[in-house]
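Novice: In case it's useful when we look at the structure, here is the feature table from TrEMBL:
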type	residues	note
COMPBIAS	1-15	compositional bias 'Basic and acidic residues'
DOMAIN	43-330	domain 'Sugar phosphate transporter'
REGION	1-26	region 'Disordered'
TRANSMEM	42-63	transmembrane segment
TRANSMEM	69-89	transmembrane segment
TRANSMEM	109-126	transmembrane segment
TRANSMEM	132-153	transmembrane segment
TRANSMEM	165-183	transmembrane segment
TRANSMEM	189-207	transmembrane segment
TRANSMEM	227-245	transmembrane segment
TRANSMEM	257-280	transmembrane segment
TRANSMEM	287-308	transmembrane segment
TRANSMEM	314-332	transmembrane segment
TRANSMEM	361-379	transmembrane segment
Amino acid sequence: MGVDEKTRASGDSPREANGPTLPTINPEVEKMQTPKSNGIHPALYVVCWISLSSSVILFNKWILSTLEFRYPVILTTYHLTFATIMTQILARYTTFLDGRKTVKMTGRVYLRAIVPIGFFFSLSLICGNLTYLYLSVAFIQMLKATTPVAVLISSWALGVSQPNLKVFLNVSVIVVGVIIASIGEVKFVWIGVIYQVAGIIFEALRLTMVQRLLSSAEFKMDPLVSLYYFAPVCAVMNGVVALFWEFPKVSMEEVYHVGLFTLFLNGLCAFLLNVSVVFLIGKTSSLVLTLCGVLKDVMLVAASMVIWGTEVSGLQFFGYSIALGGMVYYKLGYEALKGYAGEAGRQWADFGNKQPILRRVAIIALALLAVFFLLGGLAPSSGIDAKDIMTEAKSKMGMSKI
């Protein structure tokens, strides 16, 4: 057989399936591109989580404050009862809660671990919702920035981690920022602050106890499975409190004023938030989760200013910026931030080379946004306010009674 015949033969014959093949693409690149093959971009999970998390907070504030349904314990009990029913349905008819089958849950473990955690979970929810009766959403989010500090201290107190002076100094920046923001708060109500601080402490204790429980491989569970176990006991605890504290005062007229369909949407939104967390885990990096949390908090502050006309002073902006910066630094660390900053710089330079006009537009837009917030925050508290302008205009026109 000649050389030409050999060439034609090798070209015509099919390659053996078992034979070795050379890779045609970089395996690492293929691995990085694999998540995109499911048709859902990770950004969609992030957007859903931010939307639902913000919606639950604003929804609760609207029901408790704007609609004047001043029964936060009843609302919390309803949320937990709704979650209990939904998790039972999902466990029976879907595979979302199949993870519970790997959890070695016994009556003894439930009483010694789940019930105490549920107790602090109930207290944190009650105090958190009570806060909406006294403080603005903006100020509440600023106070919540101290949650990592409370979790760190509670982990030291319960022996989950060892005290570290360097870490303590790092989180002290968060405390300083929140203190500055509190000094600048226009409508500071002590009882609301006390409720929020208590809620943060209870939440920190709950998170620390959950961390200790999940340290054992046989009790690994995702947030939805955790809700499956915690929701019933929390619903019972909150129900007992509501039975003696709020049920004697509530009337059906107040329930109908809120609307049954509105309450259904509120419970559904709160439950879907837990579902979104399950899908979010593993889809993004710690950097994305941290920055998304910061973005959500900033958006809630802005939403509070727009929806309820909350006054936020320049001192609060300054203090809250310090607190958020300290929180990001504490969660990610210096080395991680340095690496991310370097990568961001390279990406920004590459973007400028490819799209110079869009880069200039982005810089101008960010500069205008910064000036807008700076001037708006530094403006005196007696400055321009839409409600004051309308009131003054009506009085001058002899329409003050309208």
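Backbone N, Cα and C define each Cβ position, glycine as well.
Not measured: the values here are computed from a predicted model.
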Novice: Please report, as numbers and ranges, the same-chain residues at least 6 past the borders of the transmembrane segment (227-245) whose CB is under 8 Å from any CB of it.
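Specialist: Distant contacts of the transmembrane segment (227-245): 71, 73-74, 76-77, 80-81, 83-84, 87-88, 91, 97, 100, 103, 105, 110, 114-115, 117-119, 121-122, 125-126, 221, 274.
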Novice: Cβ under 8 Å to the transmembrane segment (69-89), counting only same-chain residues 6 or more beyond its ends: which ones?
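Specialist: Same-chain residues near the transmembrane segment (69-89) but 6 or more away: 60, 63, 97, 122, 125-126, 129-130, 132-133, 224, 227-228, 231-232, 234-235, 238-239, 241-242, 245-247, 249-250, 254-255, 257-258, 263, 266-268, 270-271, 274.
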Novice: State the mean pLDDT for the domain 'Sugar phosphate transporter' (43-330).
Specialist: 87
